[in-house]
């Protein structure tokens with residue numbers, strides 16, 4: 001049986017001298033305790049040395065992918081086919097490929113693994129012609145080359161640093177929040193007014209660290225942290241504070257906590273700058289599109305930049321909202337429109353009704369930027385700047401469209417003005433000068449009811465005036481009737497009635513708004529005939 005053993009220096013093919021020893025797997029390691037014992041079990045048959053590290057890297061990358069290198073193929077055809085013996089290999093996948101392409105029987109079992117372990121332990125004694133120093137140097141060079149190839153290593157492109165930095169930044173924010181809240185509550189017993197005057201947490205801790213006890217504010221100078229007005233307000237509040245007195249030991253512990261808050265805040269600022277620089281080095285286009293914090297959170301959520309590049313735009317859009325998505329799918333409701341991408345500046349500055357559209361468009365352009373950063377050779381951010389400008393223009397159009405609808409200018413812009421030739425003669429419309437009331441179009445019921453009420457009130461007032469005038473005329477006519485002969489009373493009374501009717505009809509005709517003449521009804525005609533007959 002032959003054994004294929006791969007080293008950093010070259011391929012080695014050993015021949016097993018005593019196969020009976022291989023049956024005892026548990027005690028096989030004893031046969032490789034010394035080089036002399038190892039030479040009794042296996043013997044080197046052929047050694048194919050690599051010329052340089054590049055050739056060794058190509059050979060090992062092919063082995064990891066389960067492929068046969070040209071150099072290995074030549075060795076196997078030359079040595080193993082002539083021997084007509086089975087070949088022991090360390091990788092079962094490689095054995096299957098050798099059997100398929102070269103028609104050689106390959107063996108892979110726990111015995112073979114133990115045999116490989118023994119050969120590796122006595123490699124210097126089993127492979128003559130290779131110095132230990134050369135073997136170690138070749139081993140180290142191949143290890144570095146192989147790691148660089150597998151990890152796609154670059155000094156500037158290590159997204160693991162981004163994942164750890166953004167996670168640490170979130171943890172620092174939580175810790176700072178807890179520490180500052182505890183500090184304000186703790187010192188609030190001694191000087192509660194200070195928390196209302198100074199809203200900035202870092203300034204609050206710096207003032208507290210410099211002054212300490214409330215009594216020292218009168219003589220302390222806080223111009224480094226506060227303006228003159230705020231400083232005067234703090235000193236005035238310290239004199240009339242309603243806080244309790246505390247011991248020096250309590251003040252010391254509070255000051256230690258303030259020191260921790262200030263140090264963590266400074267480290268957080270430094271870490272944020274580091275994250276900005278690292279994001280611009282690894283994913284400049286993504287940073288331009290969504291910002292360094294959102295981009296770093298997307299990379300951390302996916303695990304790496306390469307994993308994020310494999311996601312579709314629809315997945316990137318809702319990345320971070322998985323719970324809401326599955327809850328919506330379970331309850332058959334509307335799925336969420338955005339996840340972590342909601343915190344991007346483009347989505348934040350858009351109106352609520354346009355956030356869904358902008359997040360969808362931003363996700364599509366962000367995926368292009370991610371793939372460009374992950375697989376592209378160019379490290380510039382030109383593509384991200386161009387796509388961001390397009391999205392900003394699109395957002396501006398959407399926002400302007402909504403403003404035009406509200407103001408009513410959209411219709412005016414949509415309709416083109418009617419073309420009028422210079423030779424056309426414009427005529428004057430005299431109907432605009434008419435002062436006569438005209439019948440308007442159909443109006444609303446509420447307006448008609450209001451106008452009816454107004455006309456009724458006017459009609460009542462007119463009737464009251466008419467009655468007063470009629471009564472005066474009646475009194476005058478009665479005085480005249482006393483002087484007239486008794487034969488004519490009936491005729492005069494009828495004339496009085498006609499006058500009353502005539503006076504009542506005149507104001508009513510003035511109140512009618514329409515210009516059309518009223519047609520007399522048949523009942524009125526009959527009454528007029530009767531009056532004429534009576535006069536005759």
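Cβ coordinates come from backbone N, Cα and C, glycine included.
Predicted, not measured: the structure shown is a model, and the values here were computed from it.
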Worksheet item: With Swiss-Prot as the source, which of 414-440, 441-467 is set down as region 'Disordered'?
Response: 414-440
Worksheet, complete the sentence: Filtering 509, 516 by Swiss-Prot annotation phosphoserine leaves 509
Discussion item. For a quick check of understanding: among the modified residues 34, 109, 304, 351, which residue's Cβ has the most other Cβ atoms within 10 Å?
Written reply: 304
Response to the item:
Closest by Cα to residue 109 (phosphoserine), out of the recorded positions 34, 304, 351, 465, 467, is 34
Worksheet, complete the sentence: CA pair residue 465 (SUMO2 cross-link) / residue 351 (phosphoserine), Å rounded to integer, equals 64
Response to the item:
Rounded Cα distance, in Å, between residue 467 (SUMO2 cross-link) and residue 351 (phosphoserine) is 68
Discussion item. At a 10 A cut-off on CB-CB distances, which of the recorded sites 465, 467 has the highest count?
Written reply: 467
